[in-house]
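J.: I have a structure here, written as structure tokens, and I will follow up with some questions on it.
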């Protein structure tokens, strides 16, 4: 087990943060289209010493809208694109369950986040950053003591407009690229 500095750990939601989201679910590699600048942002974070993980709800699997092979292919596409830009994604966690599933991994539950903490020998995610476009992303990260970061891509604008309280201290960025640039420039992370 590798222990890391939690302040160098970034946990990303997938749909709406890394790739364009759809209310009809992203079901294939053809539908999986990166948001401009997101792949390069992930690679740049990695090149600057950050550990990148993905935690994503994928209830389309539980709803039988796509098969495991399709999900694996989408994640392979993501990994390969990031690697082509000199980056690395250390872990992709996903919840296949529908909201009715009563599991502990579907965000806003923090199961995937606790799994990530355990994988790196951490008691919690204090100092880490969770980047999402929905309140449930931020709630899940916050439940494991991660700092919340909302991006305006995907459902981000809708999340802001809802008027629902964001976790205390939530940072807001235009997109993943702007967040990555901020982290890379931050004196505490150089």
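Cβ atoms here come from the backbone N, Cα and C positions, even for glycine.
Just lifted these from TrEMBL, have a look:
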- 13: active site, proton donor (ACT_SITE)
- 13, 15, 133: Mg(2+) binding site (BINDING)
- 15: active site, proton donor (ACT_SITE)
- 56: site 'Stabilizes the phosphoryl group' (SITE)
- 95, 97, 103, 105: Zn(2+) binding site (BINDING)
- 106: site 'Contributes to substrate recognition' (SITE)
- 107: site 'Stabilizes the phosphoryl group' (SITE)
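Surface or core, plus neighbours and distances: that's what I need for these features.
T.: Annotation for residue 13 (active site, proton donor): same-chain Cβ neighbours under 8 Å, separated by at least 6 residues, are 54, 55, 56, 107, 130, 131, 132, 133, 134, 137, 154. According to its DSSP assignment, residue 13 (active site, proton donor) is coil.
According to its DSSP assignment, residue 56 (site 'Stabilizes the phosphoryl group') is in a strand. All protein chains included, residue 56 (site 'Stabilizes the phosphoryl group') registers 24 other Cβ atoms within 10 Å of its own Cβ.
In the three-state DSSP assignment, the secondary structure recorded for residue 95 (Zn(2+) binding site) is strand. Close to residue 95 (Zn(2+) binding site) in the fold, though at least 6 residues off in sequence, lie 56, 57, 58, 59, 103, 105, 106, 107, 111, 112, each with a CB less than 8 Å from its CB.
In this structure, residue 107 (site 'Stabilizes the phosphoryl group') belongs to neither helix nor strand by DSSP; it is coil. Around the Cβ of residue 107 (site 'Stabilizes the phosphoryl group'), 24 further Cβ atoms fall within 10 Å across all displayed protein chains.
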J.: Counting other Cβ atoms within 10 Å, pick out the least crowded of the binding-site residues 15, 133.
T.: 15
J.: Just going by other Cβ atoms within 10 Å, which of the recorded positions 97, 106 has the emptiest spot?
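T.: Result for the recorded positions 97, 106: minimum number of other Cβ atoms within 10 Å at 97.
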J.: Determine which residues of this chain, when 95, 97, 103, 105 are set aside, have a Cβ within 8 Å of the centroid of the Zn(2+) site's Cβ atoms, and list them as they appear in the sequence.
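T.: Residues close to the Zn(2+) site, other than 95, 97, 103, 105: 57, 96, 101, 104, 106, 109, 111, 112.
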J.: What is the separation, in Å, between the Cα atoms of residue 97 (Zn(2+) binding site) and residue 15 (Mg(2+) binding site)?
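T.: Cα-Cα, rounded: 16 Å.
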J.: Determine the minimum-neighbour residue: among 103, 105, listed as binding-site residues, which Cβ has the fewest other Cβ atoms within 10 angstroms?
T.: 103
J.: Name them in sequence order: residues not among 13, 15, 133 whose Cβ is within 8 Å of the mean position of the Cβ atoms defining the Mg(2+) site.
T.: 14, 16, 17, 18, 21, 56, 132, 134, 137, 153, 154, 155
